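Heads up, the thing below is written out as structure tokens.
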Amino acid sequence: MALVPCQVLRVAILLSYCSILCNYKAIEMPSHQTYGGSWKFLTFIDLVIQAVFFGICVLTDLSSLLTRGSGNQEQERQLKKLISLRDWMLAVLAFPVGVFVVAVFWIIYAYDREMIYPKLLDNFIPGWLNHGMHTTVLPFILIEMRTSHHAYPSRNSGLAAICTFSVGYILWVCWVHHVTGMWVYPFLEHIGPGARIIFFGSTTILMNFLYLLGEVLNSYIWDTQRMPLSWQGMEINFIYMGPSSY
């Protein structure tokens with residue numbers, strides 16, 4: 001039996017993302033006034049992705065509650081489409097992009113924070129907001145993956161979608177540099193063209209790997225054949241409570 005219903009958790013996570021976005025947009029930083037604004041940063045794009053994803057999760061929960069027992073086939077069809085959108089967004093965007101932002105940010109930060117998050121930013125962004133953007137994304141998405149089963153799309157279509165997103169963002173970063181003469185991330189200023197190509201290629205490969213990791217993790221969590229009998233019983237009760245009943 002769940003201590004906190006997953007529907008309540010989703011609402012709480014959605015509200016936390018709304019709060020983080022509002023506080024971040026309220027900060028008057030010079031970079032927000034330049035070409036591309038906040039949209040040139042993958043961290044901000046990821047926050048929007050996570051907020052939209054959990055918004056869809058909450059909408060799915062509400063729709064499921066309203067259609068349960070109604071017998072309206074049209075409403076059930078619409079609910080299935082909403083569930084498909086939710087599952088696709090987690091698989092292709094929310095999980096791989098979210099994990100990428102957390103992992104890459106903290107790895108580079110640990111090596112040399114000035115390359116990714118200059119100390120000057122501490123004057124604008126409080127510590128709790130930094131963790132809201134670069135840390136809590138990971139546990140939030142893992143909680144969602146653990147409390148509800150998500151049907152992944154075909155591997156080819158999923159990888160094609162995440163590749164499209166990755167290449168699209170790389171082209172956007174290059175366009176911002178073309179227009180402004182400055183790279184979005186400070187460390188790109190200190191490496192040569194060849195190293196940038198290798199870095200951009202590596203990030204695309206990493207995004208694909210994270211998509212596959214999410215697929216494997218989702219399958220592992222919800223493969224009851226691998227669970228001990230005691231866990232299987234707990235899972236049946238958990239599903240009956242509602243988190244994975246749709």
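Each Cβ is built from the backbone N, Cα and C atoms, and glycine gets one as well.
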Of 8-28, 197-217, which span is tagged transmembrane segment by TrEMBL?
197-217
Among 88-108, 128-147, 159-185, 197-217, which stretch has the most Cβ pairs under 8 Å to the transmembrane segment (42-67)?
88-108
Any residues 6+ beyond the ends of the transmembrane segment (197-217) with a Cβ under 8 Å from its own?
90-92, 95-97, 99-100, 104, 145, 152, 155, 158-159, 162-163, 165-167, 170, 188, 191
